[in-house]
């Protein structure tokens, strides 16, 4: 193929920033002009010399914007001309390993990768979604695109997956680091069923909004509130810009029939404890096994939070963690313990409402002796009188001092000062006389609860009476100066642990230690002599002075033991420390829940952790492949009647697919398989807003809507025509066999931020400009980017110095022109040059919905919202997007308040030299400054006092 003829004069179509970006990111060192880069690439992807020459003409005239992989093709030895891949993680060992390997390979070849996640939640065969996503998060940094920039991975999960709440928040900078994946992008596949439920709730009334979360493997169902889930999605989008939204049923509904007939579907645009573990809930403490499948409220260290308990596995290896307060927990090696590194960190906890959520988490298998667990508050449970036992004080006393006769009847022998407690005891019968040793023998009611039963979940009154009885029987008061505590000893460790749980339900922490091991002791033999006896190990339960004070605040008192409640000056409780971790060899079923706020729950009295635009079908045998490029609508009037333009672009993309199929390494066979069977391309656009501004048409107008529909109607018609032409010349792929088509799918509106800069700062994709002037940083320095059409207007009306001063004003106002005087810009022109954040986003949705019917794949639609948007409006926009038939939503861009509303008046005044601006304009700008000052004043009156000056979307105080 002979060389392409280039036209160096076309370098003038680039601005300085576009040239810098091309040279820094795309051009080879020996290339001195962008024309050489265009010619080289067009030669690689052209069918013959004439086709290549025409492609060069299109690109050099800025009619056609080549995708990054095509534009950089040849610069990296291993790069391939494919922009996007969609993969699917099959829930098998092979699927997990193979997909990870393939995705890393695809990233290194220069493409962005979307990954559908079909992994089950945590069980004995899977550690759940988030642990795998952590691996992908690390790989996105390790395996760079073309060895230059970090990989771009977007993970997609169905909104009925049990791990959806953790998945939604994985890009939040705070919270459990084990679920943070800040280097990944993420999207949610949202079903029609869910949106229909949200729409139903939208009408108000008492609607049952129960939403089933279904494990993709076990099909086990848990539930959440649909409204709560929807609110979490929208709030997270406001805070982080993500997750992307894919209305999955809309995507599948609009697949071509020939794809549906093949059964293809679109799937994307372990912290567990043993069954007997006691969980602190709002209703009491219960074995986690008994709570399986139930929605309950658990204590997370600060408050009660709704969760669903699930069985996470069978025959899982368990470790036993022993702690200094006598508590033990049998859990999986990965179960998270919440650790405090230092006393300094512990002090910060007192003033940090998010201390638990933000604290360090350590796997059980990685715990070391003397590691300190975080302190936490305990609630006082009022309990349930249905669980009360009869004669609570008497039963408590019986547990300490009572025995059974040989006939199995409960009895007490009172001695010393305990005889004075007779009036408090429920006695069935008694001797009336003391025996030879001075004891008073009594027999208790036959319906007394069994000895060592502890009424953990009874009413608070019942628990206090029972505890008073037990401590009066076996307890002792220890005094250290004015500091008093109560200790009680017993040979039955499990019994003391149940008392420890009872105290937890009363808001009190306690400690159990071993008083002594089993030993031989010489004791009186009852016959006047002594002899050796075998003594069992003895354990001691310790209630501190702060614990006693807390009990006294609830009305607790003992009859025999005398102590004075003293309010502690500070939380002097010692930190609970790790003693050791035992590998017991135990294998058992496991259970857990996902607590959404602190990611924590109280287990056996211990607070620990708990457990877009390319829409193509994927499965275990295929990774979808799409080759992209965009048509520049800014030059639409130049190319719309060129009969070869669309055909040449489609032929070029087909050639790029062939290059991929022939040169792809065998390690990405699923992607090659998909490319062969589908041959899907994605023709998109950029420059839509520039096209409107060029014609002085407002984005928010019926005229813009008419042009939008007209453009995409004609594009769809031409693309369909040339799809059949190329099909007749080159044949149809397997999936489209019998249709005459060359490509299964042909259109996708992708984001084009970088391409827009290269194309002379045209507007990106189909979205509005974010600002009419802004600074852009590159490797070569900082550049002031100005709207070209606005610049032309200003140059016709002002001199150079005045223009510079007006640009300063625009920059100071966040790129807006709305504050400029009407004798400089008319009201119509101000409408035309509205920025993305000033445009009513209903128009963004309308234009997207109008063109969606002509686009067989999807669009990357960004929303631009003020941070103080009412949550009702936020909800309505997203609901309307679904109802309007949009397939996907991309980023939600939220303008910073500091830039949007609170503009510094002094900075504005210093930016403008009034002496050199025409008097009429000068006076008008002064007025606009006063308006901004008033705006600032009004804003300050509305500042939320609860968020340190930040307005919080969704905050009732702010609304």
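Cβ from N, Cα, C; glycine included.
112 is the residue from 18, 112, 116, 128 that Swiss-Prot records in the substrate site together with 68, 83, 84, 751, 752, 753, 754, 755. Summarising the environment of residue 890 (site 'Important for electron transfer'), the number of other Cβ atoms within 10 Å of its Cβ, over all protein chains shown, is 25.
When the alpha carbons of residue 891 (site 'Important for electron transfer') and residue 84 (disulfide bond) are compared, the span between them is 17 angstrom. Using DSSP to sort the residues of the domain 'DOD-type homing endonuclease' (378-508) gives these counts of helix, strand and coil: 49 helix, 31 strand, 51 coil. In the structure as shown, the Cβ atom of residue 891 (site 'Important for electron transfer') sits within 10 Å of 20 other Cβ atoms. Taking CA atoms as the reference points, residue 626 (disulfide bond) and residue 890 (site 'Important for electron transfer') are 18 Å apart. Of all Cβ atoms in the protein chains displayed, 26 besides its own lie within 10 Å of the Cβ of residue 84 (disulfide bond). For residue 626 (disulfide bond), other Cβ atoms within 10 Å of its Cβ number 29.
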